[in-house]
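Visitor: Attaching a single structure in structure tokens format; questions to follow.
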Amino acid sequence: MGTRVTQFSYLHAPSSHMAEQLLNQFISAVISKSRHLNHLKQVQSFMIVSGLSHSHFLCFKLLRFCTLRLCNLSYARFIFDRFSFPNTHLYAAVLTAYSSSLPLHASSAFSFFRLMVNRSVPRPNHFIYPLVLKSTPYLSSAFSTPLVHTHLFKSGFHLYVVVQTALLHSYASSVSHITLARQLFDEMSERNVVSWTAMLSGYARSGDISNAVALFEDMPERDVPSWNAILAACTQNGLFLEAVSLFRRMINEPSIRPNEVTVVCVLSACAQTGTLQLAKGIHAFAYRRDLSSDVFVSNSLVDLYGKCGNLEEASSVFKMASKKSLTAWNSMINCFALHGRSEEAIAVFEEMMKLNINDIKPDHITFIGLLNACTHGGLVSKGRGYFDLMTNRFGIEPRIEHYGCLIDLLGRAGRFDEALEVMSTMKMKADEAIWGSLLNACKIHGHLDLAEVAVKNLVALNPNNGGYVAMMANLYGEMGNWEEARRARKMIKHQNAYKPPGWSRIEIDNEVHQFYSLDKSHPETEEIYMILDSLISF
């Protein structure tokens, strides 16, 4: 009887270097063709039976496939823990997986690094340190980064540029370590655009916008991420006009090509300043660069047009979006609510529930929009219903913003007993916004006694804001109690309180002009007032 020979007969041939190489190639190919975890387990079993479970090369392949394709970190760790003498590449494979799943696996990454240090063989190198330094900003201990810093200094790897940059990024990611980050930055033997951007982002994160801008201006070269970092810094710190100005500079740089992050940052600034014409130009720019289809850009456009009052354009962008995220739905609901179109806001929510009930669930922002819509529309019953829906059906714990909306809704409707009852059930203390909305409601309905209680609490929360006492003085005047009105006015003077000045913006030729009440610092004040007087005289 003849012997049956298969295409895999060489797998059971006598051991040789060539046979082992062929076997390694075969198993490597099988790993790359695997589709799920059971396949991988079969391959691992075959490696054990074939005496190849000690192969660093194949174990590395298993780990990479398990983490990158299957995203199964627990089984990857299972594979690693059964390897007798792991090398640096295997440690790096697991650390890469942990550092790619931050902040979820930050503590696992740091513990794994400490395991490697305690074993002493192999020692961490310039590949390992940057990986563990990614995790340290997410740890609760403020000493994690300095601990790694001390260890890498002793090992001599602190001189590697890639390690220095990772260390800088780790320090700069923590507000408490920003001084150490700057010290390290100044001592770096070689600074590249990545290290400059890391330091810039650190200043932005700590709110030190002046140092962030100064550093940006000193940069010898700038790339798109560094431009995006300074744009985000300005936007996040309320310098919206400066962000718009920087964007204009950016698009005039011949070697710089703005991306989706750029557009999102500048659209956010435009939304806050109300620069609709400039925003339309940015929308056209994004369309020409094929960026408008990006889900984050699309969401930003909906938010922008909604805040600027162009709800038709916001609806158009929303409807054209190929994939509508929860952020887009929330933006649309909040846009309609902001402009008093309550029924349309509610209709968007009902559509979201009907089309996406299994894919997208509303969050706390959704219900803030709905409650605001009910407030502007005076829909008390619906507002109460949505508040109950949020807690009972979707299990969302009410935040102070939700309570504020509901109390505002009840107060505007003159249902003060119900508003006070809601306040008594809150797990947190009422803030300035809640007492302020209650004071406004008292002014509408002439509820003097409760207004006095509201002002007392508002003054305790913010003694420097004289606007609340001024409102109370006006309410006393409207009620004919001039003595109390005079007393309230004197209180403002004695407490050195101030009333925040009103302001407005106007956009002319893509340039924003901002005016404050009684402010005459504008260089063209005389001409502006002359035109204003001529308009009033008509």
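Cβ coordinates are placed from backbone N, Cα and C, and glycine is handled just like the others.
Reproduced below are the annotations present in Swiss-Prot:
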- 87-123: repeat 'PPR 1' (REPEAT)
- 125-159: repeat 'PPR 2' (REPEAT)
- 160-191: repeat 'PPR 3' (REPEAT)
- 192-226: repeat 'PPR 4' (REPEAT)
- 227-253: repeat 'PPR 5' (REPEAT)
- 259-293: repeat 'PPR 6' (REPEAT)
- 294-324: repeat 'PPR 7' (REPEAT)
- 325-359: repeat 'PPR 8' (REPEAT)
- 363-398: repeat 'PPR 9' (REPEAT)
- 399-433: repeat 'PPR 10' (REPEAT)
- 434-509: region 'Type E motif' (REGION)
Visitor: Give the mean pLDDT for the repeat 'PPR 2' (125-159) on the 0 to 100 scale.
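Guide: Across the repeat 'PPR 2' (125-159), the average pLDDT comes out at 94.
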Visitor: Given a Cβ distance threshold of under 8 angstroms, which distant residues of the chain, six or more beyond its ends, lie next to the repeat 'PPR 8' (325-359)?
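Guide: Non-local partners: 295, 298-299, 302-303, 305-307, 309, 311, 314-315, 318, 365-366, 368-370, 372-374, 376-377, 379, 382.
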Visitor: For the repeat 'PPR 7' (294-324), find every same-chain residue at least 6 residues outside the stretch whose CB is under 8 Å from a CB in it, and list them.
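Guide: The answer is 260, 263-264, 267-268, 270-272, 274, 276, 279, 283, 286, 331-332, 334-336, 338-339, 341, 356, 360.
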Visitor: When you scan the chain for residues with a C-beta under 8 Å from the repeat 'PPR 2' (125-159), skipping those not six or more beyond its ends, what do you find?
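Guide: Those are 88, 91-92, 95-96, 98-99, 102-103, 105-107, 109-110, 112-113, 116-117, 165-167, 169-171, 173-174, 176-177, 180, 189, in sequence order.
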Visitor: Treating G and I as helix alongside H, and B as strand alongside E, what does DSSP give for the repeat 'PPR 9' (363-398) in helix, strand and coil?
Guide: 27 helix, 0 strand, 9 coil
